[in-house]
Amino acid sequence: MNRFIIADASKCIGCRTCEVACVVSHQENQDCASLTPETFLPRIHVIKGVNISTATVCRQCEDAPCANVCPNGAISRDKGFVHVMQERCIGCKTCVVACPYGAMEVVVRPVIRNSGAGLNVRADKAEANKCDLCNHREDGPACMAACPTHALICVDRNKLEQLSAEKRRRTALMF
């Protein structure tokens, strides 16, 4: 079973610290000072309602719809998470439509391309953007480490069984 992150809405205060930690974690220089509206592209999103806030993030589906519909095979399961190979992504947005959680998005990043005439030109490349569980970090997902209320938890098979057992116990004790 793939691990995934879920948010406890009863603990989330909507501060968006998880979003900032995510973006900084995925930057080369990992510096908050270099963030701009163009580079602020989190892979986790805080949704605020009238009385509740919570974060939405990729569920790392076992039979990932995003991977199943990708025409270039740019999305695959790798080391326990669903991974996007950006060099294969064509930005077609099929994965965005297929994701039942709204956790996949296509973002535009500036790239330098060779024009064929020996000139390098600046262009934009659309690519899929989703949670990768911060696989580049030894300490695990940056969003979880940064959350001041510990509203984010990483769920694996054991944690899922524990959560289910707690819910069954609460349900049984209600009657």
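Quick reminder: no glycine exception, Cβ is built from N, Cα and C everywhere.
Swiss-Prot annotates CYS58, CYS61, CYS66 as [4Fe-4S] cluster 3-binding residues; of CYS22, CYS32, CYS99, the candidate listed for that same site is CYS99. Of the listed candidates (CYS134, CYS147), Swiss-Prot assigns CYS147 to the same [4Fe-4S] cluster 1 site as CYS12, CYS15, CYS18. The domain '4Fe-4S ferredoxin-type 2' (48-79) scores a mean pLDDT of 94 in the predicted structure. Sorted by the number of other CB atoms within 10 A, the binding-site residues CYS12, CYS15, CYS61, CYS89 start with CYS15, the lowest. Taking a C-beta cut-off of under 8 angstroms and a sequence separation of 6 or more, CYS66 ([4Fe-4S] cluster 3 binding site) has the following same-chain neighbours: ILE75, VAL82, CYS95, ALA98, CYS99, MET104, ALA128, LYS130. CYS22 ([4Fe-4S] cluster 2 binding site) has CYS147 as its nearest neighbour among the binding-site residues CYS15, CYS61, CYS147, going by CA to CA distance. Same-chain neighbours of the domain '4Fe-4S ferredoxin-type 4' (124-157): 1, 3-9, 11-13, 15, 17-22, 24-26, 41, 43-44, 54-55, 57-58, 60, 66, 74-75, 79-84, 86, 89-91, 93, 95-96, 103-111, 163, counting only residues six or more beyond its ends whose CB sits under 8 Å from a CB of the stretch.
Each of the binding-site residues CYS58, CYS92, CYS147 was scored by the other Cβ atoms within 10 Å of its Cβ; the lowest score goes to CYS92.
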